[in-house]
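Below: one structure, written as structure tokens.
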Amino acid sequence: MSTKYIFVTGGVVSSIGKGIVAASLGRLLKNRGLKVTIQKFDPYINIDPGTMSPYQHGEVFVTDDGAETDLDLGHYERFIDINLNKYSNVTTGKIYSEVLRKERKGEYLGATVQVIPHITDALKDKIKRAARTTDSDVIITEVGGTVGDIESLPFLEALRQMKADVGADNVMYIHTTLLPYLKAAGEMKTKPTQHSVKELRGLGIQPNMLVIRTEKPAGQNIKNKLAQFCDVAPEAVIESLDVEHLYQIPLDLQAQKMDQIVCDHLKLDVPAADMTEWSAMVEKVMSLEKQVRIALVGKYVELPDAYISVVEALKHAGYANDAEVKIDWIDANQVTVENAAELLGSADGIIVPGGFGQRGTEGKIQTIRYAREQDVPMLGVCLGMQLTCVEFARHVLGLADANSAELNPDTPFPIIDLMRDQIDVEDLGGTLRLGLYPSKLKSGSKAAAAYDHQEVVQRRHRHRYEFNNAFREQFEAAGFVFSGVSPDNRLVEIVEIPENKFFVACQYHPELSSRPNRPEGLYTAFVTAAVEKSSDR
């Protein structure tokens, strides 16, 4: 069977939910027995989002092979339950840097290097390579931004050319747009969608399907109007209504036969999608009996997208405990030794997620101290683990000036220090310890119990600093347990205090491996402890 290519574009406004639509379609096609992969084209000039502020871009999602990517890849992985690779996120910066590098090496044999064909060929190669490296039947490619953006033009041209390259039967274009409701007029307006499709047609792409994002059901008359003006079949005008839970969306799209229309267009003769297990999960999510309150103490709490995988992993762990997770967003800058009890006292559990830089770290340290002293279940992640070690050094070991060398290079007690292979690194982008690495678990520890007593777990990392092993014996003598280490015993991966209900921190990012139907072990153990604390109140 020829590989099938589905391209998802957006119009009218950004942040319209293209990624969720693409991921939901991917889930439906996977449940039809197809092997699916998915990728995101981001038209910004950055090489990747690794050096971008979370306020600009949200979280950085890390793949198994160490690519720093768009947060939409997290949605893709959670919905479709696949592990993506570096070909799943492509930026303008990445493409141009590769083309320019080839030009400097003389690989274009003296040709004038241009957007067409060199940039578009490079983009098409990324699409085909993503499909080829995963041996996929179907690849879904989402283009970030909206039709009409200057930055998107080479990407859309590459998508247009794909139809001629691989054949019309192997390509489908899906366009997502906003269908606004004007309260004063009491009606929905189709003109923005019509103009968006007109713009797309002007670039040589005729959409085969429209997905309209709307707050209210559009009705068949609106669908017929859009079908007529945009030259798509009426049944191929699909509604994407606002929902209470994101995981309802694949079921809503299936009810409108979206996946069947796609299969018919691409001439895919495959069984209907069996969504029984997914439906049961959604039903459970919508009828959780318990509630648990988690304080998330972070640096970027004004923008929840900066912690989107953390939030989703907490929700998944809640599902496993029949509990709805309510998150209290606490600005780490506001936490002091004087007000910690006031800010954190109502929490059943506390999570200190990752981050970079000095701002907010003292507040996080006070948060960790409060959790340790008051025996509140706590999970520290990445920087959260590093600051857990700093807090213990200061307030248990009596090393008052202890710190991380990242935060204070002159500290006399560098509990956290630069990794040896990072000493001569000058560039910020793409130079961290990235991707999947193993952690050997200590038998009898809470970490081992969280992972069903496995000997080794593999999780994704994104860090430059590590625990300073010169202090390991001193910590262990005071009851601090290093419950996860690298197989060569050099790098600390997980720490815990066994006397507490649940006081565990890890260097890696467990949230990146969580799935709604398969929650991550440490997150599940943490939320379980928080639920137990809640029931004891």
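Placed from the backbone N, Cα and C atoms, the Cβ positions cover glycine too.
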Among Glu68, Glu338, Glu406, which residue shares the L-glutamine site with Tyr55, Gly355, Leu383, Gly384, Met385, Gln386, Arg464 according to Swiss-Prot?
Glu406
Looking at Swiss-Prot, which one out of Lys128, Lys223, Lys225, Lys257 binds UTP in the same site as Ser14, Lys189, Thr190, Lys191, Pro192, Thr193, Gln194?
Lys225
Going by Swiss-Prot, Ser15, Ile16, Gly17, Lys18, Gly19, Ile20 bind ATP; tell me which of Asp70, Asp72, Asp81 is listed for that site too.
Asp72
Out of Lys189, Thr193, Cys382, point to the one nearest Gly19 (ATP binding site) in space (Cα versus Cα); all of them are recorded positions in the record.
Thr193
Report, as a single number, how many Cβ atoms besides its own are within 10 Å of the Cβ of Ile20 (ATP binding site).
22
Calculate the distance in Å between the alpha carbons (Cα) of Glu511 (active site) and Ser14 (CTP binding site), and round it to a whole number.
26
Could you work out which of the recorded positions (Lys18, Lys189, Lys191, Lys225, His509) has its C-beta surrounded by the smallest number of other C-beta atoms within 10 A?
Lys191
Setting Ser15, Ile16, Gly17, Lys18, Gly19, Ile20, Asp72 aside, what same-chain residues sit with their Cβ within 8 Å of the center of the Cβ atoms that define the ATP site, listed in sequence order?
Gly10, Val21, Ala22, His75, Glu142, Thr176
What is the separation, in Å, between the Cα atoms of Ser14 (CTP binding site) and Cys382 (active site, nucleophile)?
31
I'm trying to understand the geometry here, so how far is the Cα atom of Lys18 (ATP binding site) from the Cα atom of Ile150 (CTP binding site), in Å to the nearest whole number?
19
